[in-house]
């Protein structure tokens, strides 16, 4: 059965047809509407999926934010602007005329990455370190989403009670320190205004402050992984995202994790599917795996 998979991100919308063998075809992308209004998103989604819907039998959505009863929510409502409580599932069912499911994008990515692991892995955690920090948890072969869709939002666990205020309202969240946005916000002097990509370039050139910001991010993620190991006893952790997959970053995380006591050690690996993980994970869920 062919699935029309859609990935709704902060900067772009992606859609593709995916068959039961996870082959992707006719991938399309559009920028996410800057206005963040229901009408703008509705029209963008319509333009995105109209050329694809005739060949699909169902729709699967991976979206930023929290998906609760088919509606779009967020820990930081300001991120969604006028899209808070946007009826995501209902909107796509109307546009495509097909049965639709929706899941958080990091949860979807976790499900895709889980299916790429050896069969003896039943418990894994996926962590994406990018503009923000997100995640997904698979326990005994089942994806955890939670009644309210909150499961796996690991970026909003505590890193430093005296740290910066996070967009969710808490103080010292992992995301506020370790994410690309958090690193950029902490940059000072000649690095002020630099984005995470630039910080990694400067760190590679030996810039002391840039190296510290990257190292601090890796250490915070490593400590979070130790907490995750203690909470889930997962067999492995898969790391993705633009920061997580940046050159040398995973090695730093692994080195910091090895400084933790042995019971908190866990195998780390880089994400396999990268920017297709959300599309593939959502399609897998629609193709018979239930939430």
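Including glycine, each Cβ sits where the backbone N, Cα and C put it.
Swiss-Prot annotations:
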{"type": "BINDING", "residues": "5-12, 132-139", "note": "ATP binding site"}
{"type": "BINDING", "residues": "156, 166, 168, 173", "note": "Zn(2+) binding site"}
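Among the binding-site residues listed (7, 132, 136), 132 has its Cα nearest to the Cα of residue 168 (Zn(2+) binding site).
The DSSP secondary structure for residue 168 (Zn(2+) binding site) is coil.
Take the mean position of the Cβ atoms of 156, 166, 168, 173, the recorded Zn(2+) site; other residues of that chain with a Cβ within 8 Å of it are 75, 76, 155, 167, 169, 170, 174, 175, 176.
Take the binding-site residues 9, 132, 134, 136: by the count of other Cβ atoms within 10 Å of each Cβ, the lowest one is 9. Checking each of the binding-site residues 5, 11, 132, 136 against residue 166 (Zn(2+) binding site) by C-alpha distance, the shortest gap belongs to 132. Residues within less than 8 Å, Cβ to Cβ, of residue 7 (ATP binding site) and separated from it by at least 6 positions along the same chain comprise 13, 14, 15, 61, 62, 63, 105, 278, 279, 282. Counting other Cβ atoms within 10 Å of each Cβ, the lowest count among the binding-site residues 5, 138, 168 belongs to 168. Neighbour density at the Cβ, taken as the number of other Cβ atoms within 10 Å, is lowest among the binding-site residues 166, 173 for 166.
In this structure, residue 5 (ATP binding site) is part of a beta strand by DSSP. Within 10 Å of the C-beta atom of residue 11 (ATP binding site) sit 9 other C-beta atoms, taking all shown protein chains into account.
Taking the Cα atom of each, residue 156 (Zn(2+) binding site) and residue 136 (ATP binding site) are about 13 angstrom apart.
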